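Chemist: So Swiss-Prot lists these for the protein:
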- 47-90: disulfide bond (DISULFID)
- 129-173: disulfide bond (DISULFID)
- 23-104: domain 'Ig-like C2-type 1' (DOMAIN)
- 121-174: domain 'Ig-like C2-type 2' (DOMAIN)
- 42: N-linked glycosylation site (CARBOHYD)
- 63: N-linked glycosylation site (CARBOHYD)
- 166: N-linked glycosylation site (CARBOHYD)
- 181: N-linked glycosylation site (CARBOHYD)
- 223: site 'Important for receptor turnover' (SITE)
- 21-209: topological domain 'Extracellular' (TOPO_DOM)
- 231-254: topological domain 'Cytoplasmic' (TOPO_DOM)
- 210-230: transmembrane segment (TRANSMEM)
């Protein structure tokens with residue numbers, strides 16, 4: 001019955017079923033969750049994905065190159081260096097290659113840390129003024145576009161509960177390490193207003209989605225088959241009618 005489907009419809013059906021059957025991509029998580037760190041920090045990357053039973057084999061990639069020798073779900077970078085900067089991805093036996101996570105490593109006294117670069121409307125923003133080797137930092141000021149936004153006598157995170165377009169801009173922090181006044185580099189925080197809606201979990205399990213696609217394909221095939229069957233019989237009827245009319249016309253002429 002599948003041969004009754006037009007090629008374009010068959011390809012569309014196969015594509016929809018394939019997409020429904022594909023598992024979710026793997027996801028790279030950072031611990032601590034900051035995408036900007038200082039040299040000598042410790043960073044753990046964890047691959048969140050689907051694994052077959054008793055097999056947690058994980059493939060890690062740095063700037064598109066496979067990291068040989070790292071097969072565990074967690075990848076620890078101890079005493080991180082500037083050359084460790086770049087894009088990280090992971091893949092499991094049951095999950096496709098993850099989207100990349102951009103990690104920046106800076107050699108400086110201070111770094112303004114953020115968990116991501118682009119925020120959606122209503123999301124919370126966490127900014128952290130981090131010192132090299134966690135040296136004591138006090139009298140910390142967070143600035144947006146050169147203007148002070150928050151001051152802490154003792155170092156603390158700057159938390160924005162709900163992001164809006166007004167929070168777009170260039171941020172940095174400054175504070176005292178000992179008697180020395182230090183400033184971080186600038187971080188550009190951008191805002192995506194209603195560009196993409198929140199992710200919504202599927203209403204039905206995967207097997208029900210696949211069964212639905214197959215059922216719809218079967219119904220479409222039956223409908224298409226009936227269409228061609230009726231059209232063929234209609235053509236035959238028209239031919240017989242024309243032949244009958246022709247013979248009847250000849251009989252009248254005689």
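Any Cβ shown, glycine's included, is placed from N, Cα and C.
Explain the structural surroundings of these features, please.
Modeler: In the three-state DSSP scheme, residue 90 (disulfide bond) falls into the strand class.
Within 10 Å of the C-beta of residue 129 (disulfide bond) there are 24 other C-beta atoms, taking all protein chains into account.
Residue counts for the domain 'Ig-like C2-type 1' (23-104) under DSSP (helix as H, G, I; strand as E, B; rest coil) come to 3 helix, 36 strand, 43 coil.
Mapped onto DSSP classes, the domain 'Ig-like C2-type 2' (121-174) shows 6 helix, 31 strand, 17 coil.
In sequence order, 86, 87 make up the list of same-chain residues 6 or more apart from residue 63 (N-linked glycosylation site) whose Cβ falls under 8 Å from its Cβ.
Neighbours of residue 166 (N-linked glycosylation site), defined as other CB atoms within 10 A of its CB across all chains, total 9.
All protein chains included, residue 181 (N-linked glycosylation site) registers 10 other Cβ atoms within 10 Å of its own Cβ.
The average pLDDT the prediction assigns to the topological domain 'Extracellular' (21-209) is 90.
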Chemist: Pop the Cα-Cα gap between residue 166 (N-linked glycosylation site) and residue 47 (disulfide bond) into the table, whole Å please.
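Modeler: Approximately 34 Å lies between the Cα of residue 47 (disulfide bond) and that of residue 166 (N-linked glycosylation site).
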Chemist: What's the number of neighbouring CB atoms sitting within 10 A of the CB on residue 90 (disulfide bond)?
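Modeler: Its Cβ has 28 other Cβ atoms within 10 Å.
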Chemist: Looking at the recorded positions 42, 129, 166, 173, whose Cα is closest in space to that of residue 90 (disulfide bond)?
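Modeler: So, spelling it out, the nearest of the recorded positions is 42.
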Chemist: Taking every protein chain in this structure into account, which of the disulfide-bonded residues 47, 173 has the most other Cβ atoms within 10 Å of its Cβ?
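Modeler: Max Cβ neighbours within 10 Å, all protein chains included: 173.
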